[in-house]
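**Student:** Relevant sequence annotations retrieved from TrEMBL are reproduced here:
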type	residues	note
COMPBIAS	610-619	compositional bias 'Basic and acidic residues'
DISULFID	310-327	disulfide bond
DOMAIN	36-169	domain 'C-type lectin'
DOMAIN	301-339	domain 'EGF-like'
DOMAIN	344-378	domain 'EGF-like'
DOMAIN	384-425	domain 'EGF-like'
REGION	468-572	region 'Disordered'
REGION	610-630	region 'Disordered'
SIGNAL	1-26	signal peptide
TRANSMEM	580-604	transmembrane segment
């Protein structure tokens with residue numbers, strides 16, 4: 001006992017913060033139930049993830065609660081209020097309770113929709129009510145869930161209904177920030193009225209989803225009721241079951257109020273009657289306009305529409321004599337098989353639109369296909385979009401508009417390129433060396449090409465072939481086959497005039513000159529940069545650039561004379577002499593630089609040897625008077641055998657010699 005008492009002061013700082021928090025652990029097994037209409041709502045304590053909360057609800061036949069209307073929000077608010085009535089809370093306590101509104105991973109925010117892209121766990125995205133706490137986070141990479149944000153310090157009125165807060169759905173180890181519980185919803189085909197007690201007693205209901213309560217405003221179908229009249233210890237117990245007596249008619253199968261007591265009469269709970277109670281009389285128990293039902297307790301209106309038999313958007317219309325009713329649907333809807341609810345009519349089945357039809361709840365809308373846009377008054381429903389209009393064309397060169405689409409094309413000398421076939425790429429007409437367009441030289445240009453000829457040849461009138469000029473180059477001596485393959489690669493090969501023997505009319509042999517155009521070795525790579533860089537030292541070749549692959553001469557050509565040829569050959573000789581002189585001067589300069597470097601190294605070595613001799617003449621200690629064996633061989637071994645001095649000396653001797 002002493003040890004326990006001594007430990008209390010140490011535990012108090014830890015216990016005090018918990019005194020103001022809801023007893024989630026103690027209240028985890030307690031739940032609050034509210035039933036209304038054809039559904040029951042249960043509020044539960046429990047720090048669970050959204051998936052775990054949904055599993056708990058589904059085990060009993062329900063789902064996390066939907067909040068499709070303000071009426072449903074009120075029912076859930078009442079269930080939460082009941083759950084928190086007996087709990088000790090701080091004045092500023094805030095808690096969250098999961099509901100059945102979620103957005104799956106990969107589905108993005110849609111601000112145009114009331115639910116922002118979220119959907120109900122039971123299916124559907126329809127709602128008549130939203131109450132978002134703040135702007136929904138725009139995220140598509142994770143699953144998001146919605147909870148009710150409950151401020152316990154505020155009174156429960158319409159302006160303070162629980163706000164919707166979206167957040168990550170949590171995990172078993174981390175259910176989420178401020179998550180305190182969840183709300184379930186259970187739907188039923190009908191409800192029974194609570195059992196009426198005409199005297200002292202108690203009643204306890206057990207619902208199909210295993211909830212127990214003694215105060216339900218409506219009892220779901222298939223629930224069991226235990227009634228005990230008088231004191232709990234001595235009273236006699238009665239058992240009842242909520243059954244379906246007729247379509248949409250549910251009762252307990254009993255007649256008259258239960259636990260009637262002559263001692264209390266009508267003074268106790270109005271005698272168990274719903275409206276008026278008469279003691280000892282044979283008068284009606286119901287007011288004018290109502291009728292007494294078979295349980296002899298409940299009064300129903302004589303107007304068949306008073307019980308709201310029509311559901312959803314359907315409205316009830318009373319029949320003749322007030323004995324029947326008919327449900328009607330608004331425009332765009334039709335009655336379902338039960339004749340009590342409305343279904344949307346798919347107007348698109350009748351193809352009311354010229355192109356695309358989109359069905360909407362109660363209506364539809366027309367849309368245009370891709371490549372069309374809505375037309376103005378008098379222009380038709382949809383008209384073609386001119387993708388090739390100025391400022392809108394996606395094509396690099398030519399654009400052709402079609403009905404609902406377009407296509408791109410390129411000018412001569414280009415082909416379509418790009419993933420979407422909207423760009424144009426130049427065609428290299430000179431790439432095919434085997435079947436080239438030019439007889440000799442070919443230069444590719446943007447959208448076209450140029451043909452040229454080797455020195456001594458002229459471009460023909462067709463702009464493609466080459467013909468011999470006034471003076472052809474003489475053939476080179478020696479056989480080209482004797483050259484190395486590497487020497488031949490990339491060189492221009494000239495063809496000379498070839499004489500072929502023919503016979504004259506007298507039978508004598510004559511030499512008939514034949515000409516052959518300039519040729520290049522097969523597969524010899526030739527790179528041409530620009531026409532002005534290809535001009536040879538001999539007679540210049542003539543280039544042409546056909547616009548539509550028709551040859552046109554690009555340079556004017558006059559008739560060549562013998563004097564011009566001689567002058568050009570003289571220019572060739574002058575250029576050769578200048579080039580030879582340049583090579584000789586360059587060689588002399590290089591030799592002079594090497595000589596200067598060698599002389600500098602020689603002077604440096606002599607000065608260094610002189611300093612070493614002076615050091616040897618000065619004795620440093622007593623041992624200097626002795627003679628030592630020469631160590632010339634060892635010093636040579638220590639020298640760097642890769643020293644540059646011997647090499648430069650040998651170079652110097654060879655140059656001087």
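Using N, Cα and C of the backbone, Cβ positions are placed for all residues, glycine too.
TrEMBL: automatically predicted annotations, no manual curation.
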**Student:** So if I draw a 10 Å sphere around the Cβ of residue 310 (disulfide bond), how many other Cβ atoms end up inside it?
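**Tutor:** The answer is 22.
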**Student:** How many helix, strand and coil residues does the domain 'EGF-like' (384-425) contain under DSSP?
**Tutor:** 0 helix, 18 strand, 24 coil
**Student:** When secondary structure is assigned with DSSP, how many helix, strand and coil residues does the domain 'EGF-like' (301-339) contain?
**Tutor:** 7 helix, 12 strand, 20 coil
**Student:** Are there any residues in the same chain, six or more apart in sequence, whose C-beta is under 8 angstroms from the C-beta of residue 327 (disulfide bond), and if so which?
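**Tutor:** Looking at Cβ-Cβ distances below 8 Å from residue 327 (disulfide bond), excluding near sequence neighbours, one finds 309, 310, 314, 315, 316, 317, 335, 339, 340, 341.
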**Student:** From the DSSP assignment alone, can you count helix, strand and coil residues within the domain 'C-type lectin' (36-169)?
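**Tutor:** Taking the domain 'C-type lectin' (36-169) as a whole: 28 helix, 37 strand, 69 coil.
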**Student:** What average pLDDT is reported by the model for the domain 'EGF-like' (384-425)?
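**Tutor:** Summing pLDDT over the domain 'EGF-like' (384-425) and dividing by its length gives 91.
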